[in-house]
Amino acid sequence: MNLKTKITWMSAGLFLAFLLIIQVFIYFSFKHVLIDREIERVADDLSVVMEAFAGEEVSEVDPFRLLNAYVPTNGLIRIVNANDEAIQIVTRDERLIDLPVKFVSGTQKQTEVIEDVGRVAKISMPMIYTDNQVRMIETIQSLEDVDDLLDLLMIVLVISFFVMFIPAVLIGRSLSHLVIRPLSVLSKAMRDNQRNGEWKSVKLKHQNDEIGQLVARYNTMNARLQTMFEQQQQFVSNASHELKTPLAVIKSYARLVERQGKEKPEVLEEGLATINSETDRMDHLIRQMLLLSTLERKEGMTVAKVELVGLIKSAIRSISMAFERTVNFNYYQAEVFYPADESQLNQLIYILLDNARKYSENQIDLTLTEQDQQLIITVTDYGEGIPEEDRTQIFNRFYRVDRARNRKTGGTGLGLTIAKAIVVAHSGEIEVMSELGKGTTFRVILPK
């Protein structure tokens, strides 16, 4: 059974169940009110008889004649003494004559179902009889009209219940169509995307409910998958290109050495040096690719308390000694401990400093501050800056603002990608602010 059929029958079933509950409530409420009204009517009639007895001189009253004047056509009136004996009975319904007799000292109102008679109302009250003794006057009246009316109501309710079956199914079908239609659109779009290898989003009009939210989430997920797929394709393409270049250089120099290496030692020396250089470059590129993959899977992290001030000073010394650059370091206290992977944080600082020295011949400023329970590391260079159109892409794999400079400086285009992966692995954020001709600032925010 598909979902549409389930919704149809469940909706129809709930509607009919609700209708049945209402009908049962109507029936029993009407029955209760109707029987209570009949009991009160019979009690009022009996009170009239008692008033008639009270309005005459007791000794002069003819009980039979008086009772006969008030006896209902479908009922009985009788006088009962304390010995449970009926001393006077008047009735127009012979079925009621032999009913059991029971003396009751107080007023009693009740209904009873009697075989061959049906439902009856029994009202009994104490009275002073003609012999000046306390007797019980009792009236019993058939409620056949009430039962007939209740039977008619039952028939009407049953018929209406079955008549409402078809509208209930139609309502359930309409409801299922309303619910299933956007899901069908979503399912078709997913099936078409899978079959055709496309990334089309789903568009629904005026759908602001949970299904609309589901479709919106699908569109968001679909867009992210498309971006990831395209990035993966771009990564494979870029990686192939990056590996192809040194391989081509190695191959060409290998052929050159093969042809001229024996006769020309300088060619052999140059060829071997170039081959070694390109091999080292390939090795560095592959290591960075593997590192990036490890970071994105958050594998191999060893988290411990790291003293950041000392770690940053060590990275600054390495950069300063290797490239003879001045790095100004400002920090808010002598020791700052932070739970992190020490080697990854060291690499993060080195990447940012190395990136700054590549694009600036001036000094580099590095600051470590604390703000709103966050550690903030900023690295600022005063170089040429980054064009606005490149700022959103510099963290993408193999993206280079200046390919010629990266080739000259030995960059692979993965440094900032690795830096961002390290920051994300530590639940942080990295931002870039730049102005052409004035410099660039990278801002790392780490939660404490």
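Even glycines carry a Cβ here, placed using N, Cα and C.
Keep in mind that TrEMBL annotations are predicted by a computer and have not been checked by a curator.
Beyond its flanks by at least six residues, the transmembrane segment (7-28) meets 150, 153-154, 157, 160-161, 164-165, 168-169, 171-173, 175-176, 179-180 of its own chain at Cβ-Cβ distances under 8 Å. As annotated by TrEMBL, transmembrane segment applies to 7-28 (among others).
Taken from TrEMBL, the feature transmembrane segment applies to 152-171 (among others). Long-range contacts of the transmembrane segment (152-171) within the same chain, counting only residues at least 6 positions beyond its ends with a Cβ under 8 Å from a Cβ of the stretch, are 8-9, 11-12, 15-16, 19-20, 23, 26-27, 30.
Annotation comment: TrEMBL describes 177-230 as domain 'HAMP'. Taken as a whole, the domain 'HAMP' (177-230) shows an average pLDDT of 77 in this prediction.
Among the features that TrEMBL reports, domain 'Histidine kinase' is placed at 238-448.
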